[in-house]
Amino acid sequence: MVRAARRKRASEDDLYRGCRMGQDCPIDIKNKYEHNTLADRILKWVSSFLYFGQLGISSGKGTGGSTGYTPLGGRGGGGVTSGKGANVVRPTVIVDALGPTGVPIDPAVPDSSIVPLLESSGGSTTLDATPGAEIEIIAEVHPPPVYEGPEVTIGDIEEPPILEVVPETHPTSRVRSTTSKHDNPAFTAYVASAQLPGETSASDNVYILHGFNGDFVGQADPEGDTIFEEIPLEEFGVPDMPPSTSTPTSSFRSVLNKFQRRLYNRKLVQQVKITNRNTFLKQPSQFVQWEFDNPAYVDDSLSLIFQQDLDEVSAAPDADFQDIVKLSRPVFTTKEGLVRLSRLGQRGTIKTRMACK
């Protein structure tokens, strides 16, 4: 029996590198390089409540750190320390300070430190002068430079300067207008254009005429006129006399009048004596607030509502009408051959059980 040759598996680094590239990855290689073995998972679970310090306990290759392994009993004979070799001590070299090089000074040469300045045109010039002789001085005068730019004219200082400003030209935007025309058979529009002498444009006037060039539907008489049929209108349930107010009299109104009669009880309603009857009949609002007559609008059949501010109560012309916020419409009652006109008012204050306002 021939035994099959056993092929050696690739190294762990090559297998994990191929695993990263998408090849088939052995589960033991993947867990070892990703620190997901059973020992690593136990350390992760136990480390949640235990702390091992810097012991370096794991399934990887341990080196003991930079100082190597140290036994628990201290440094003894059996301890192994891995690290770098001993440091070599080198002797210190003393460096001497070097100063600047000395420059010799010769005090025997009495040279003058004054250097004469001579103007020259580029060549060498030699000046020989004897003591006591006169020296001729020649001065060259050059003309001022000529300015070739535009001439600037300066006028009177008191006059204001005038600057010519040229406006910028902007391109005109294009405007497009669209007109739509729709025919309406309800009316016929007549458009007339009026042109005046010397005018280049015409103004359009639109006239809407009812019945202009219209078509009548129906029978016509021999003269061409349309025959219309007149239908009389019948009225149903129209009272003989129209109502005098916006709210007609009804059964509900009669019940309301009976209820208002109960309000004339002295225990529930305060009765106010009217001294000026003419004002109470024509314009009763003058008892509540200061105002002027408005002849354009007078309607005494409506309820009057006054806008009173609760924080600032103003004085009324009549003390009995103080703090009135509403006056009802006039209520007419007949008793013993007389006609009584009354208005029910409502105050804005609140009265408690202790009679405090």
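Cβ atoms are placed via backbone N, Cα and C, with glycine included.
Here's what Swiss-Prot has on this protein:
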{"type": "DISULFID", "residues": "Cys19-Cys25", "note": "disulfide bond"}
{"type": "MOTIF", "residues": "1-10", "note": "motif 'Nuclear localization signal'"}
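Counting residues 6+ beyond its ends, the motif 'Nuclear localization signal' (1-10) has no Cβ neighbours under 8 Å in the same chain. In the three-state DSSP classification, Cys25 (disulfide bond) falls within coil. Mean pLDDT of the predicted structure over the motif 'Nuclear localization signal' (1-10): 75.
Note on the motif 'Nuclear localization signal' (1-10): DSSP counts are 0 helix, 0 strand, 10 coil.
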